[in-house]
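Student: As annotated in TrEMBL:
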TRANSMEM  26-48  transmembrane segment
TRANSMEM  54-70  transmembrane segment
TRANSMEM  82-98  transmembrane segment
TRANSMEM  148-169  transmembrane segment
Amino acid sequence: MVKHVFMEIFNYIFYRSFTGNFIPQFYFYNIIPWPAIFFSAIGIYFVFKNKKWLFYQLVLGIIFWIFYSFSSLRIIIGYERVVFFTSIIVVLISAFGLEEIKKVIFLSLRGRSEATDVAIQSYRLPRRPYKIFDLLAPRNDSSEIVSFWLAMTLQIIVILLFVLAIPFYTQNQNWEKLILKNPIIKANSIPMPPANNYLTQEDLELFKNIKQKRFLSAPWKGTVIGTATNNYPVITKGGTITMSSDNPDLYNQFLNFECEKKGRIAKEKNIDYIYSRAFSCQNFQEINKSSEGFVLYKVSK
């Protein structure tokens, strides 16, 4: 009983990635925007001096990120969550860096004085806050007005750029860079594209001479290809009404099976074609490959 409990706890702490032998390659420059990286390099000193709890979280996240880039072993937290939370921390630190730059600019506009020297050393501006209603009152200090409008302009520009970029998020090709590598068979796998790219022109070209055949592919890919090319996917993406009663995990299980078991599954399911990540087995003839990393195989019968 004690041994069973211990093993259960151990398996929750140490486990293998669901991607099997394919190791995700999530390079930081493909995840975190370059402006955030630049400003975080400035803000890291402030965080180290004043917010060590945040600094050590960043260090821990970087260590996990590097380790997971070379191993499929997971310790408590998965690779994807490490990337997500570490990226948020970097962006948060970049905000401190941006704030320090803003303070230096404001202080230079005000001119050097005893108050500003203290502010620079303590990383704080004089206590009097800016309020939009202050602009309605008479003011002799024109530098404060300039500083206020400079801050407001920068914030408005950042918000506008963010809002304008949202509609184009799924149009870029950054997702193609978040690949998975299999060091054993020297193959790469491309992740799911945005929803509007589930079905590509290459998919249609590869299946244009294949009609009314059963094929195995990723559930989301099989659903759209089957509908568009008059073929029958072995598994489909789940929904209110599904076209397949097979286990949706069959695709990943199939890729992790040995060649002999792959052939047995193909025979049991009466599969004619495989459209998947790259693998090498004698009974599966490679026909062509898409730029997404999907390879079309014909099953030898």
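From the backbone N, Cα and C atoms, a Cβ is placed for every residue, glycine too.
Automatic prediction, not curation, is the source of TrEMBL annotations.
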Student: Sequence-remote contacts (6 or more beyond its ends) of the transmembrane segment (26-48), Cβ cut-off under 8 Å?
Tutor: 54-55, 58, 65, 69, 79-80, 83, 87, 90-91, 93-101, 123, 174, 177-178
Student: Who are the long-range neighbours of the transmembrane segment (82-98) in its own chain, taking Cβ under 8 Å and residues 6 or more past its ends?
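Tutor: Sequence-distant neighbours of the transmembrane segment (82-98): 26, 28, 31-33, 35-44, 46-47, 51, 54, 57-58, 61-62, 64-65, 68.
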